[in-house]
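Colleague: According to TrEMBL:
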type     : residues : note
DOMAIN   : 19-301   : domain 'ABC transmembrane type-1'
DOMAIN   : 335-571  : domain 'ABC transporter'
TRANSMEM : 18-38    : transmembrane segment
TRANSMEM : 58-82    : transmembrane segment
TRANSMEM : 129-152  : transmembrane segment
TRANSMEM : 158-177  : transmembrane segment
TRANSMEM : 238-261  : transmembrane segment
TRANSMEM : 281-300  : transmembrane segment
Amino acid sequence: MDNLKFVFNYVKKYKKEIILGPFLLILASALDLLQPFLMSSIIDVGIPNKDVNLIKNIGITMVILVGLSLLAGIISNILAAVASQSVATDLRNDTFKKLLSLSYRNLDDLDTGKTITIMTNDITQVQNLILITLNMFIKAPILAIGSVIMAFVTSKDLSWILLVVIPIIFIFIFSILKRAYPLYMAVQKTIDKFNAYIEENLSGIRLVKAFVSYRYEEKKFNNINEKLRNANLKANRFIILILPVIMLIINFSTISILWFGGKYVIDGRMDIGQIMAFNNYLLQILASIMILGMLFITLSRAQASMERIKEFTEIENTDFEDSNPVNKLSSKGSISFKDVSFSYSKDKEKCILKKLNFQIDSGETVGIIGSTGSGKTTLANLIAGLYEPTIGEIYLGDKEVKTIHKEDLRSHVGLAPQKAFLFSGSIEENLYLSNENASSDDLEKAAIISDAIEFINQKPDKFNYFIEEEGNNLSGGQKQRLNIARAVVKNPSILILDDSTSAVDAQTEVNIHSNIKKYMNSTTNLIITQKISSILDADKIIVLNKGKIDGIGTHNDLLENSHVYKSIYDSQIGKDVS
């Protein structure tokens, strides 16, 4: 019931559609119920008495009623389509907003395949349920109940057939539905895995081609595709029984009506028109029950989808967005870590960073270096407010990050992450992502600072040049320079370059760092790298080793005081430092 209430909160916004549509269906049902009665009048009165006028008048009336019923049905279908599509749109908007609002911790736990399935297949299942419900849920019961009443009025002698047939159908359908729900839930979970596999392979298709591993991947795909096939067959094996069994019952009912009705006609207890009318009412009853059965089958499948959508929209956000009091961050870019430890898990004993203490003054250029897995990127994410420290306190300016509204904090921090991810769209659109209020001069200045202006001006449409999905029509170095430009466009108090120049040549890297010093001399610059050549001129360097600070100081200080830094220097001096 909670799942239905959840969806109804969306449906009730479309009052016109959900009130007018069912009203028109009630009208259409009433008109349809009159047809067998009118037909029996033609057979039992008009034809025996050769009353042409009666036959003509009733015939015209039946045509008019059919036309009105058809018109009411068409309008009702349109209203149902509008309501169901609108609800699906609202659900997609809300699930996407929820996705955007999730913290980094939430995103770490997010199943990509499941999320894609929720926003596509699951919402489509709910949309289909609403469409069928508005089209049939009102009409089918009214038609069934009305047909039962009219059947009893038409012939009490044949009514025992209804009392036998209807309970059998209900018991049969609902016993199948009870078994179908868990099977449809299993289908949705299999679709999750299927979508996750497709998404992963689309991202890694070039790697597959590079290693010529077609057969291996094809075997994996066939395996998961076979699992999806089997899950659907298992769920549908009960459903496919419904139509044949109902057709068997319909045929049995028709034979019973003709057999016993024929006897009643011979005995003078019934007319032929009454038999035909009774049979039509019975067919309408069975058709209505079958429609209700299909509706409940759709409900069974949609129930699983509703539960998953509801569960997604109710994910508890682990971000510390609503901490009190909420402070505004000053434009000063000083950073202070006080006994900061951090763990990606809830276990405080498994910290990636351990008891970090350091002070970075506003306007300083600070290098952060360490081997792979030392915690450099995690440190950058903490400064950017993407994660909350497990233990300790982080201050930006004179405010602790827990007390700063996250939008305000992130507006002051420009982060160029390791992976230079670009969205499909123009260069301009990708740069606007970090600051939608930036001017064209701001974009050009950011491109100059990131040393991207030259290659941008060489493109056919310059800043309007279209970037393909994930920047596939740009080189790695070009993507990294746009990645840095996007961070610079924010005009941040703190600029973090997280290994953001690994794909550019040495001269371009020198140009970028020189431009940052020239144009952003009041900004606090953090350069996270594995290359000593990138941070030789930094005001100070923080050396990380296995999540701990091994040393802090200038290049010359660390050569004397940090064994880790000296080892990195010695390993690179012949390659990167001349």
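Note: Cβ is positioned from N, Cα and C throughout, glycine not excepted.
Just so it is clear, the model here is predicted, and its values are computed rather than measured.
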Colleague: Let me check one thing: do the transmembrane segment (281-300) and the transmembrane segment (158-177) come into contact, meaning three or more Cβ pairs under 8 Å with sequence separation of at least 6?
Modeller: yes
Colleague: Could you tell me what the rest of the chain brings near the transmembrane segment (238-261), counting residues at least six beyond its ends with Cβ under 8 Å?
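Modeller: Result: 155, 157-158, 161, 165, 168-169, 172-173, 176, 179-180, 183, 270, 274-275, 278-279, 282-283, 286, 289-290, 293-294, 297.
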Colleague: At a threshold of under 8 Å on Cβ distances, which of 58-82, 129-152, 158-177 pairs most often with the transmembrane segment (18-38)?
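Modeller: Comparing 58-82, 129-152, 158-177: 58-82 has the most Cβ pairs near the transmembrane segment (18-38).
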Colleague: Within the domain 'ABC transporter' (335-571) only, compute the mean pLDDT.
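Modeller: Residues in the domain 'ABC transporter' (335-571) carry a mean pLDDT of 87 in this prediction.
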